[in-house]
């Protein structure tokens, strides 16, 4: 079809925005992702009908985000107060406040008409590392580090037939986090004959393999205080779990309420079934 | 709505009111005393399910509109504000987003049921056409609703679909500018789509009233396709149909809740969690799943205008089904050949849906062309010819005969009299 064709030919492919179109049966990477392996399916504490976030893991993930990712990636929908809400890192209010106060936030204008800096408050949004997209691109070799707010839900990969149907029954919704974890641990040397563009890095799981983001995490980079192994794999899992929480902060409530609703509906359906049977008992149909 | 109400109010206040506006009598005759065929199966519960979904979408949508901001710089964040900060906002938004898909699942089952059992045949042509109008309105509503979160797929979906109108000669570009309210999909487009997305559901509700009215004039079809001939063939709507519809609705809600609570983003696109960016085109622009068969037809035709006409034609042809089907026998149950062709056609529709999600290249395009031709051939060639050449099976004399023939040896029983070996 000419319309779609013209869109594809005018395809401006920025480096950080991967090929991600995905629908019910929609292949995201079928055409462009030749040679891109599917990310392995990982175990996540928040997967499945009774999934919950591992509080310690999400707290460690926040530490990785704060110390590493946040220097380039914004999270403009994320507020300091979110750190203290239930169903995530669930820091105490005092801890969240301490985090907020460690940042300087621009406020104003004051009565004199001037903007001024003050320590952050719980109600403040997470400060962005760059004032605008252009500044972010200028500092990152032309690539725009995507905002973390909804990123774990904004990434996926093609599952293909019949897997996409099986996923309905197994409740697989971890496409985004599986991809992100695979990407974070997927940096390797380019294979023989692969021409890597200037300033790009080879990543096994990135569509097209040439990613502008240098490998962000390495073993021993972040110091954990709870004795958790300080490995790339662990950092990646922790920060990815944190990203899932940031993208879906009410995931725990959703699954908990969902189970209650299911119980109610199944019992209700059972009662209706037997009532219906009784009503129709005397009528052949 | 059929005939005079048998409702006789006892309470003096109700008598006073009823003699001035017979509203309770109308409800009584429509939803209590209304005679419904005794042999309706569970495929007939989808009418009720659709009414439930319409109410569900309107109620959740009205609440969402209280928190949503239709402006290109704020729309995405206001939807995320609903997801994060509004009390149970995530629930309301996921109800609305998944509810749209559930609405379409139910409407497709409802339409397939009508096509299988010949529910479009005389005297139900107007009923059928009203249903087709509702379906068209649903497509328009859902399309505009998907634009509102102003994610990548919202923006690019809107761009592709509105651009289709540019295919029309002479007036095409003018129509597109008129739809956009400018020279590209922009704030004016978002604003009018929001306004229309709020308006159209009430138009749907209006046509639903006509649809139900027409239904109550001609009566429901049933799996035998034989009209009720005696009171024995029918049962009162309440309690028989109400309890059965109620059970069907709750089962459907379980299905709905599975998606809503456990895989709420399964039916959407990951790209729509990326804010709209007119400078960045997604690798594949894919519409929502319920448009995929039509999208496949659009791309199957090498010519743009031809593709657009084919796509619209695929829906327009449905309006003429009552006259394209020449068979005297109404229900597919007694039409051995039609039955087979019906299921082939269903498979073709599913196949087109699958192709609609595939890139428009190579074998996918060829397959899309074959299935598109078959889709139209089903209506324009197979249906008219089948009626002439098919030898239908013997149709039962009445619904009661069909029912009791199934329950071997049962004594003729009128509704309310015990018949042995009834099925649940």
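Even glycines carry a Cβ here, placed using N, Cα and C.
Per TrEMBL, the feature domain 'Cytochrome b/b6 N-terminal region profile' maps to B:13-224.
Residues 75, 78-79, 81-82, 86, 89, 92-93, 95-96, 99-100, 102-103, 106-107, 109-110, 113, 117, 145, 148, 194, 197-198, 201-202, 204-205, 208, 215, 220, 222, 244-249, 252 of the same chain sit 6 or more residues outside the transmembrane segment (B:42-69) yet have a Cβ under 8 Å from a Cβ within it. If you look up TrEMBL, you'll see B:42-69 (among others) marked as transmembrane segment.
Long-range contacts of the transmembrane segment (B:90-111) within the same chain: residues 43, 46-47, 49-50, 53-54, 56-57, 60-61, 63-64, 79, 82-84, 131, 134-135, 138, 142, 145-146, 252, 255-256, 259-261, 264, 267-268, 288-290, 318, each at least 6 residues beyond the stretch ends and with a Cβ under 8 Å from a Cβ of the stretch. Residues or ranges marked as transmembrane segment by TrEMBL: B:90-111 (among others).
Residues or ranges marked as transmembrane segment by TrEMBL: B:126-148 (among others).
Residues 143, 146-147, 184-185, 189, 193, 276-278, 281-282, 285, 287-288, 298, 304-305, 307-308, 311 of the same chain lie 6+ residues outside the transmembrane segment (B:155-176) yet bring a C-beta within less than 8 angstroms of a C-beta in it. Marked as transmembrane segment by TrEMBL: B:155-176 (among others).
Among the features that TrEMBL reports, transmembrane segment is placed at B:196-215 (among others).
The annotation domain 'Cytochrome b/b6 C-terminal region profile' is assigned in TrEMBL to B:227-397.
TrEMBL lists B:246-263 (among others) with the feature transmembrane segment. Here the transmembrane segment (B:246-263) has Cβ contacts under 8 Å with residues 42, 45-46, 48-49, 52, 94-95, 98-99, 101-102, 106 of the same chain, all six or more residues outside its ends.
Look at TrEMBL and you will find B:305-325 (among others) tagged as transmembrane segment. Long-range contacts of the transmembrane segment (B:305-325) within the same chain, counting only residues at least 6 positions beyond its ends with a Cβ under 8 Å from a Cβ of the stretch, are 111, 115, 118, 120-122, 124-125, 128-129, 132, 135-136, 139, 164-165, 167-169, 293-295, 297-299, 372, 375-376, 379-380, 383-384, 386-387.
Marked as transmembrane segment by TrEMBL: B:337-357 (among others).
Same-chain residues lying 6+ beyond the ends of the transmembrane segment (B:363-389) with a Cβ under 8 Å from its Cβ atoms: 293, 296-297, 299-301, 310, 313-314, 317-318, 320-321, 324-328, 335, 337-338, 341, 344-345, 348-349, 351-352, 355. Under the heading transmembrane segment, TrEMBL lists B:363-389 (among others).
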